[in-house]
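Pulled from Swiss-Prot, these are the features on record:
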| type | residues | note |
| --- | --- | --- |
| BINDING | 22, 180, 181, 182, 183, 191, 221, 222, 223 | dUMP binding site |
| ACT_SITE | 160 | active site, nucleophile |
| BINDING | 183, 282 | (6R)-5,10-methylene-5,6,7,8-tetrahydrofolate binding site |
């Protein structure tokens, strides 16, 4: 929690004003932020200086791991995060690759589970990683990448958190996650939860102990209309201790994740928080 607040302070003190063409708003920006999460100690990085939500983040992650390409499937899991991008993005609505209502195209999990090969067929990156790690194998290339520039035109959105690199040292599994851009007041809580949960889940189904997860953000920013609430409200609050994340121990394989797992299989305990803050969202 303290590293989150330290990043917010750094952006305010050191950030450079950048005009964002997509949103038409200015944002204070810093380049390169490194966060780490102690998954072994189960210090779940849920923001405590405002009421924050975690279920949608894990539900979205589960949809990625299943390779979903339809917003309706994400809604069934409990994540509404793809509704607007799938159905309200004018460029995507007019894209000939869009298959209809709720279609997201070849984004995120599709790339992770079915990366198209130039000579035909697909690569299931996640399956390869799980198979290797389950055998105790780390080939120094246990990488799950959603970033495929050759197919950006076939999806509604480029990935922000785009690459996850797993590493095995003895019986302890580590994760390095890479993110190109982050709206820190709104988006980082979501991203932190996903990085932490991804390492927890993969360690559990491959039979390893989780170590630390390392989260690199390239472009970390706060929008101009978010600054007053960040400076005058959130940064003046004292953080509470981190809560804990529990995952159903019966989840033991990728097939379990693909078939029967729901949000009822995850629980957060010990979550103390301040009141919610309604930060402006930039579309």
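Using N, Cα and C of the backbone, Cβ positions are placed for all residues, glycine too.
Sequence features, as recorded in Swiss-Prot, placed on the structure.
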| residue | record | DSSP class |
| --- | --- | --- |
| 22 | dUMP binding site | coil |
| 160 | active site, nucleophile | coil |
| 181 | dUMP binding site | strand |
| 221 | dUMP binding site | strand |
| 282 | (6R)-5,10-methylene-5,6,7,8-tetrahydrofolate binding site | coil |
List, in sequence order, the same-chain residues at least six positions removed whose CB sits under 8 Å from that of residue 223 (dUMP binding site)?
-> 20, 23, 25, 26, 27, 183, 185, 280, 282
Nearest-integer angstrom distance between the alpha carbons (Cα) of the residue listed as 'active site, nucleophile' and residue 221 (dUMP binding site) | 13
Output the one of 22, 160, 181, 183, 221 that, of all these recorded positions, has the highest number of other Cβ atoms within 10 Å of its Cβ.
-> 221
C-beta crowding around residue 282 ((6R)-5,10-methylene-5,6,7,8-tetrahydrofolate binding site), within 10 angstroms = 17
Using the residues the record lists for dUMP (22, 180, 181, 182, 183, 191, 221, 222, 223), what whole-number Å value is the largest Cα to Cα distance?
-> 21
